[in-house]
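Trainee: Below: one structure in structure tokens.
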Ligand SMILES: O=c1[nH]c(=O)c2ncn([C@@H]3O[C@H](COP(=O)(O)OP(=O)(O)OP(=O)(O)O)[C@@H](O)[C@H]3O)c2[nH]1
Ligand SMILES: [Mg+2]
């Protein structure tokens, strides 16, 4: 089975890549799976694309092998696009999913049903030594719920209800999320490259 390094230290993301890549006969290996202490890449970019490039290119340079990175987040219209690229640490350091959810719910307290639209965005960057970095973007449209519900997934999943669903992303089974997610919608656009590996 071919392996591909995913430049992430996020357990939730790593699991989703692992599951979704088995279909292509590819083993997704995250930075959490590697023994060596790989430093955190500073996400100093001002877009998902810039941050995805930073993560993929830095780790690819370090390991001298092709690397895929995912920079993703939740874009809420009523908050002018926040938390956006700051989704992971919206409520501050250290990263805390529960505190992030609470902060978003507090900010949306006065916002009525019809103005709670949002989308998850995922930008994938593939860095290959000596080649130009490749980018793909996936979206998942939905709206923000008033109360967290569900135990699956990670991040903002308990308050995000995907379009045409009445359950939150955290109430969907993992395979249901993996059918409609922003990550899935970005991965399918890499299909040709993934198939060329396996
Ligand atoms: O409910 C969610 N379901 C998802 O499917 C999802 N995908 C992204 N996010 C949020 O956006 C941040 C990414 O930030 P991010 O791309 O910098 O990743 P990260 O810092 O968590 O790990 P790394 O990959 O950088 O190591 C995450 O932490 C989450 O808060 C999600 N929330
Ligand atoms: Mg990050």
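Quick reminder: no glycine exception, Cβ is built from N, Cα and C everywhere.
Feature list, courtesy of TrEMBL:
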- 8, 9, 10, 11, 12, 13, 72, 154, 155, 156, 157, 177, 182, 183: substrate binding site (BINDING)
- 42, 71: Mg(2+) binding site (BINDING)
- 71: active site, proton acceptor (ACT_SITE)
Trainee: Measuring Cα to Cα, how many angstrom lie between residue 42 (Mg(2+) binding site) and residue 72 (substrate binding site)?
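Mentor: With distance taken Cα to Cα, residue 72 (substrate binding site) is 15 Å from residue 42 (Mg(2+) binding site).
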Trainee: Among the binding-site residues 8, 10, 72, which residue has the fewest other Cβ atoms within 10 Å of its own Cβ?
Mentor: 10
Trainee: Hey, how far is residue 10 (substrate binding site) from residue 71 (Mg(2+) binding site), Cα to Cα, in Å?
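Mentor: Rounded to a whole number, the Cα-Cα distance is 11 Å.
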Trainee: Can you give me the Cα-Cα distance between residue 155 (substrate binding site) and residue 71 (Mg(2+) binding site) in Å, rounded to a whole number?
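Mentor: Taking the Cα atoms only, residue 155 (substrate binding site) lies 13 Å from residue 71 (Mg(2+) binding site).
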Trainee: Roughly how many Å lie between the Cα atoms of residue 71 (Mg(2+) binding site) and residue 12 (substrate binding site), rounded to a whole value?
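Mentor: Residue 71 (Mg(2+) binding site) and residue 12 (substrate binding site) have their Cα atoms 13 Å apart.
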Trainee: With respect to ligand 1, which members of the binding-site residues 8, 10, 12, 42, 71 satisfy a Cβ distance under 6 angstroms to one of its atoms?
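Mentor: Only 8, 10, 71 qualify.
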